[in-house]
Amino acid sequence: MGGLVAAALPMRSTASVGFDPASRVFRLDGEGVTYAFGIDSAGQVQSLHWGGPLALDDQLAPAPKPSDYSGFDRANSVTPLEFVAFGGGLVTEPSLKVAFPSGVRDLVLKYLDHTLTSEGITLRMKDISTEVYVELRYSMDKATGLLARSAVVDNRTKAWLRVDQMAAATLNLPFGEDYEVNYLTGRWAAEWTLQKRPLEAGATVLESRLGMTGSQNNPWLAIGRAGLTDEDNGPVWFGALAWSGAWRITVEKDIVGHPRITAGYNPFDFAYRLKPGERLETPVFYAGFSHDGMGGASRRMHRFQRSVILPGAPEPKLRPVLYNSWEATEFAVNEVGQIALAEKAATLGVERFVMDDGWFGKRNNDHAGLGDWTVNPEKFPNGLEALISRVRGLGMEFGLWVEPEMVNPDSQLYRAHPDWVINFKGRPRTEGRNQLVLNLARSDVRDYVLKSLDLLLRDNDIAFLKWDHNRSWSEPGWPERAPEDQQKLYVDYTKNLYWILAELRRRHPKLEIESCAGGGGRVDLGIMHLTDQVWPTDNTDPFDRLKMQDGFSHAYMPGVMMAWVTASPNWVNKRATSLEYRFLSAMQGCLGIGDNLNHWGQEDFATAKRLVAEYKSIRQTVQRGDLYRLISPQGGSERSATLTVSETKRQAVLFTFLHSSSTFDATPLIQLQGLDPQARYAVRSLVGAVEADTPKIASGSYWMHHGVRIPLRGDFQAAALVLDVV
Ligand code: GLA
């Protein structure tokens, strides 16, 4: 099962794969991309091309003979290698670093053999003097040109081998002085901040040491060229690591100026001891290239996610409109109160009613109950049955919040099994939100978690779990293991998490899951393969969201990004906004409602009902279409606008927002993108109105080259238009 998540997923249709024995050059060719590497005369595997497509009959020259730059910088540190071990005097970031029982920590890998199939390439390397083997795996998705790379180290020596550092891949970019690295940073309630910095000599390190993906950095990056690359134009090399444990992506520029990316397990506090015959496999690093700027890069990424990564790919199910109880009732959930909310939600056209935290154990606040996944009998005297059957009777699905990897010290579970948490013997157990992390790497803990959720799902008609994870790790020990094996926690925990998710889905094929970690702390391509949607942030302020949603969309598709309409003023900034503004902000992703409906008036219900119905008519486009970020909300911009064009180009949806107008500003013309220039589109406004002289119907060319004017005046204004081919 571990292999299921670590190995590259089967691509929908694989790219052309080739090897030329004369030049010893390998090639993978997908839509708009060629990736090539070759074996040099020293038996090293060198990168030869990652970028725009070459003609299939173009011959790449063999990999050049490697040579030292100086006595300080030997060939292996200044040659663009596909995977390089610490050894032979390497001074750059290693893809692999090991230790032998003898104390030797030198490993020099040389090409051994390869297998080539229509699915991809597996290339084997071997150490020059020991029985240590490494497999490099390559495959490419033809339609998007996304390359999947991973590696396996195989200990065939007669003794143990300790892996101290291991990457899925090293990827080399063409030589250049003008690169800029784009990446995402954040913190709780402020995730998805887009950052950019020049790639200068030295290294840029993006990482999580937290045992989880984290929101401080997200395992995604995109590299453009200053002056050449913008939102719509220019080359972009991008990639993302499919791993939900501690990870690191290092972008280096070596002493001669070669830029390279190394991505994999975070070597910080890492060690994985392999017995003779054991192997360690890395997660997959997915890498892509676009010639159409940052917008083109994210559209490729989004298409790849929906056609390869998501459950149900290439046709993942559309996200239902949901209601969530958290901001309405927090821990004070009970049968009567939830049924009252469900009845109101149903009148709006909500399709899935989700009860959040508070329903289990002694969970009256965040100090108790985690770990005890049984229904609280005071709040729910009839179990969940009465609530669920009412929700089902109202025509909605039922969903439930869980946080299965955690335990409160004040719980039956912890009192029975204080040894089940991650800890160092004899050291304090640092709490986060009054809770400790269960050691999922232990098979008894893994089995307990699976069993409690399985029972819950068997006994109740539950269509959906919101799977939360509200703290990062501390004291990452595994006292039941020998000291030299305790750090296996970093790999085995995440593999077991994936295993549980996969097993639950296997046993309950209709189950859908949301990945949440106190907001957007666990969003990555690894978890996305096993979950249907993600919660990007606890921050539900509709204005703050615009910038976060923009950041998010650089790496991940809006079709998994949940967004709720909640109370005004919002708890985050005490900012008041109209219901329509809140709806339009949330409609940029997957719509949910999280306000206390008991506080709504008739007019609110009417507005919400109308906009939920409108959302359903555009959600295929919003969730599956191609996103164009027309006006960025980054950098203090007063305005922002996004356009999503359906896969068939028959529908497009425009959202535009204004922070505040001043000094009688002119209304800008917004030029659309991605439409069929010949088709004729009728324009219809969902909220707001277009300038009076706007034609009702015009060609794609007109909307793209002339544009549309939407007058917005005031503070926190929003409008949305739909264009349909007539
Ligand atoms: C986390 C989640 C919230 C909510 C609470 C419940 O903070 O991100 O959406 O579920 O937990 O305790």
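Cβ from N, Cα, C; glycine included.
According to TrEMBL, the feature active site, proton donor maps to D538. Under the heading substrate binding site, TrEMBL lists W188, D356, D357, R433, K466, W467, D468, H469, N470, C516, D538. Sequence annotations record features per position, and here TrEMBL assigns domain 'Glycosyl hydrolase family 36 N-terminal' to 43-275. Under the heading domain 'Glycosyl hydrolase family 36 C-terminal', TrEMBL lists 640-723.
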Check the Cα-Cα distances from D538 (active site, proton donor) to the binding-site residues W188, D357, K466, D468, N470 and tell me which is shortest.
W188
The answer for which binding-site residues (W188, D357, D468, N470) have a CB under 6 A from ligand 1 is D357, D468, N470
I'd like the Cβ neighbour count for K466 (substrate binding site), meaning other Cβ atoms within 10 Å of its Cβ, all protein chains included.
25
Kindly report the helix/strand/coil residue split of the domain 'Glycosyl hydrolase family 36 C-terminal' (640-723) according to DSSP, in that order.
7 helix, 40 strand, 37 coil
Given the model, what does the mean pLDDT over the domain 'Glycosyl hydrolase family 36 N-terminal' (43-275) come out as?
97
Counting every protein chain present, what is the number of Cβ atoms, excluding its own, within 10 Å of the Cβ of D538 (active site, proton donor)?
19
Report the same-chain neighbours of N470 (substrate binding site): residues 6+ apart in sequence with Cβ closer than 8 Å to its Cβ, ordered by sequence.
E403, M406, G432, R433, Q435, A517, G518
Within 10 angstroms of the C-beta of D468 (substrate binding site), what count of other C-beta atoms is obtained when all protein chains are considered?
23
State the three-class DSSP label for W188 (substrate binding site), counting H, G and I as helix, E and B as strand, and everything else as coil.
coil
Which same-chain residues, if any, lie at least 6 apart from W188 (substrate binding site) yet have Cβ under 8 Å of it:
S215, G518, G519, G521, D538
